[in-house]
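In what follows, a single structure is set out as structure tokens and then discussed.
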């Protein structure tokens, strides 16, 4: 090995008599023009009249990094140059001689046997820490009179772009055109060192030193055709036709694939390219064998996806059986599939009794953030305290007048419930929610159905089929029960904002008069409550839910007569008469989930304890000031 180094050093030190260059010793290294024209080199100090450079100038810039020095300059072989790159020094490098070594082990490249080699696998790039270097000498035996085609030159540097931090790559630019080179000697090639490790910095044409990013280390290294994998090389060898390779304009573009002319793919002599560091630089490789998210396993048969460096324009059969191929047929289940499976398993499992169906819940992508759970009596409306006279005593009103107004409203509530909402039929068959018996409904058209003659009330009275314990009758009777609740739901949705149309003209006037008198007696209690309800209703991420101890049908009549239908959809009304408010809160949490915030608004102890058990904030309503404070908090978006 040492003998080979000496022979190359002696060969490089021979003079070149046909050279004439300008003085450029004091400029920074990375001016590649002298490399592009190796036959126009400076002569040695012993060649008379061959150069304007003096012997003293050459010797003043020479430095030895391995303990050996020449008379005029230091000749570094590849190993010495590697050591100098790793050693920070203020000295300058005078010359770099690229040396060819005999084939050995796994560090050499196998040539194709052609006499002319069109690519140069190395790259002559200096470190950013070196001072200006002197001119170079090359042996005329090593370099014929024709220029070497693939040494980086000024035209090539103009198309380069600093790679560090760059996200877009111009991979379709044409390489610079060079004069054809016919080499007669042995082709020059660096040993297969990792150029990204050897070269710490790249100096561009403008003179700015670009620090090499980690993505550059182990970048693509192209050589005339490897027969065996190289050291540090993954077993993925991409065999591609020459037409499918588009040269990039990055830092390795000109010394890797540029030819003497703008050649087509058929003129390329070296179709085999190997890639280093595949596990770290995924952006260089086509992901064709890795199927898209949850697709079938025939993805490799289609057109592979392109990468930032090169494009594979046709499928590569050799990649379909790589060790890292992803088998999508045995892929793990996705979150969407798991959600669907859980939904199928849990559907109906939480239903209480035979006829109850799960309440409609918001879709998975719902933006619901807050649920306001309201009590009805003495919170939104003043009703029970009017009947007992407690409201009149507390606020100094006329007790007989208050009781009279309460009785008139109670009569109107039950009249509406009996006349239009089948309360006579459903009083003994009360439900917690309007959809609890919808599973028994067969969807029959009710436009011509006669509820008075279907025999539902007689069967229920004689056989006592509907008991508070939840015992139910036969299938036919349950279907008739479901018909009635469906009809109630239709009437509610039709007249929730126009209860006067349901009452008729005569009763409508009486209802409006009664409402005005109650508002006057209660100092606009309902009006203040409606302000807060309307604010919540206008929010897209909030919802109102009503939980009352009144039976479901009378509760619906109250909501209609107090003009609350616009604030409470019928699906959001629950009756706690049979199961209590705590159980109603549990059903509401099961419906809307535990990620939303629940705010309970009421006046009684029962809803306060239920809210405390489920860690829900509780807003107590005991006077007008509490309603006004709630409205202000909602206006300021504290709630």
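Here the Cβ of each residue, glycine as well, is placed from N, Cα and C on the backbone.
Small disclaimer: the values here were computed from a predicted structure and weren't measured.
Per Swiss-Prot, the feature N-acetylmethionine maps to 1.
Residues or ranges marked as SUMO2 cross-link in Swiss-Prot: 14 (among others).
The annotation compositional bias 'Polar residues' is assigned in Swiss-Prot to 18-30 (among others).
Positions annotated as SUMO2 cross-link by Swiss-Prot, on the basis of a large-scale study or a structure entry: 52 (among others).
What Swiss-Prot lists as compositional bias 'Low complexity' is 56-66.
Here Swiss-Prot flags 300-334 (among others) as compositional bias 'Polar residues'.
Swiss-Prot lists 361 with the feature phosphoserine.
The secondary structure of residue 603 (Mg(2+) binding site), as reduced to three states from DSSP, is coil rather than helix or strand. Residues or ranges marked as Mg(2+) binding site in Swiss-Prot (evidence: similarity to another entry): 375, 377, 603.
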Chain-internal residues near residue 377 (Mg(2+) binding site), provided their CB is under 8 angstroms and they sit 6+ positions away:
383, 384, 548, 549, 550
Say we define neighbours as other CB atoms within 10 Å of the CB. Which of the binding-site residues 375, 603 has the fewest?
603
Note the Cβ centroid of 375, 377, 603, the recorded Mg(2+) site, then list each other residue of that chain whose Cβ lies within 8 Å of it, in sequence.
376, 378, 379, 380, 548, 602, 604, 607, 621
